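According to TrEMBL, the protein has these features:
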type	residues	note
ACT_SITE	E26	active site, proton donor
ACT_SITE	K160	active site, nucleophile
BINDING	K87, V107, S141, A142, D143	substrate binding site
BINDING	D139	Mn(2+) binding site
Amino acid sequence: MKETYLSISPEVKEAQAAGKPVVALESTIISHGMPYPQNVEMAKQVEQIIRDHGATPATVAIMDGKIKIGLTEEDLERLASEKDVAKVSRRDMAEVIAKGGLGATTVTTTMIGAHMAGIDVFVTGGLGGVHRGYNEHMDVSADLEELGQTPVTVVCAGAKAILDLPRTLEYLETKGVPVVGYQTDKLPAFFSSSSDYELNTRADSPEQIARMMKISHDLELGQGMLVTNPIKKEDEIPHEEIDQIIDQAIREADEAGVKGKDTTPFLLAKIVELTDGRSLDANIKLVYNNAVLGAQIAVAYNEIANS
Ligand code: PSU
Ligand code: MN
């Protein structure tokens with residue numbers, strides 16, 4: 001039944017039929033996370049990096065009444081440039097499919113699509129989480145719930161300080177989601193390679209991560225895994241610099257009365273503006289860095305799962 005709503009590209013189908021590793025990619029980062037035309041350049045380049053590292057990319061979006069797994073360059077261009085692309089979370093999925101509209105998938109809905117299509121690894125930039133000021137507006141991203149219930153490994157650069165990082169970690173702990181630091185003991189903070197928050201789990205190789213994935217799947221634990229990969233030191237924007245900018249962006253969002261699903265895109269765009277595009281460079285570089293690791297994990301997992 002579910003297959004009725006899935007449209008898997010020929011390239012992805014072929015890879016799967018041949019038992020080759022596939023890596024899912026989200027599309028909200030394209031439509032709502034970055035400005036045009038850097039967004040479409042990033043979307044194409046990240047696919048190329050996945051291919052160069054031995055896996056097949058599968059960018060996910062809602063198009064023509066289907067969950068599309070694996071997009072054409074034309075699809076990427078539309079998502080990057082059209083004005084009325086919907087940001088589709090779990091709540092919006094049936095609605096946007098019913099309307100036949102153009103929808104970008106968040107971490108949540110990319111996990112849903114990846115799992116339906118049998119893809120185990122998904123690469124993104126940053127994840128949604130518990131927003132700051134939780135006591136007032138109780139804004140918790142659906143991404144955290146999804147990680148608690150869908151067995152897909154998400155590779156990200158941690159979460160940026162637009163979020164309440166300690167509460168985000170507490171929430172993931174409650175949901176039984178392993179948060180793995182890749183070659184680090186501390187939670188990476190997106191633009192900055194590290195934060196003050198200790199992680200429980202560290203992995204130093206893609207094989208180690210693949211092994212944990214295999215065990216989690218074999219045990220049918222049911223939740224996803226979050227791999228946090230620090231941005232390279234030479235590409236980072238240090239805490240001290242970015243924190244004030246984030247504070248200002250949050251203040252402006254409050255003043256403008258931004259809420260719900262508009263909050264994250266507003267803050268991302270505001271930070272790009274306030275840093276004169278420097279945050280955009282860092283954002284793009286960390287996605288590329290995650291793509292390399294995600295492909296390596298998918299290759300390693302594929303070997304273990306097929307042996
Ligand atoms: N964080 C980023 N860049 C992004 C997002 C988050 O640094 O592009 C996007 C992802 O698609 C994520 C979504 O799933 O925002 C979270 O939105 P919300 O906070 O409304 O759940
Ligand atoms: Mn939210």
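Glycine too: its Cβ is placed from the backbone N, Cα and C atoms.
Sequence features annotated in TrEMBL and their locations in the structure.
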| residue | record | Cβ within 10 Å |
| --- | --- | --- |
| E26 | active site, proton donor | 27 |
| K87 | substrate binding site | 20 |
| V107 | substrate binding site | 28 |
| D139 | Mn(2+) binding site | 19 |
| S141 | substrate binding site | 24 |
| A142 | substrate binding site | 18 |
| D143 | substrate binding site | 29 |
| K160 | active site, nucleophile | 25 |
Those binding-site residues in D139, S141, A142 whose CB falls under 6 A of ligand 2, listed in sequence order: D139, S141
Binding-site residues near ligand 1 among K87, D139, S141 (Cβ under 6 Å): S141
Alpha-carbon spacing, the residue listed as 'active site, proton donor' to V107 (substrate binding site), which is rounded to whole Å: 6
Most distant Cα pair in Å, residues K87, V107, S141, A142, D143 binding substrate: 13
Coarse DSSP state, helix versus strand versus coil, of E26 (active site, proton donor): coil
Rounded inter-Cα distance in Å - S141 (substrate binding site), the residue listed as 'active site, nucleophile': 13
For K87 (substrate binding site): DSSP state (helix, strand, coil): strand
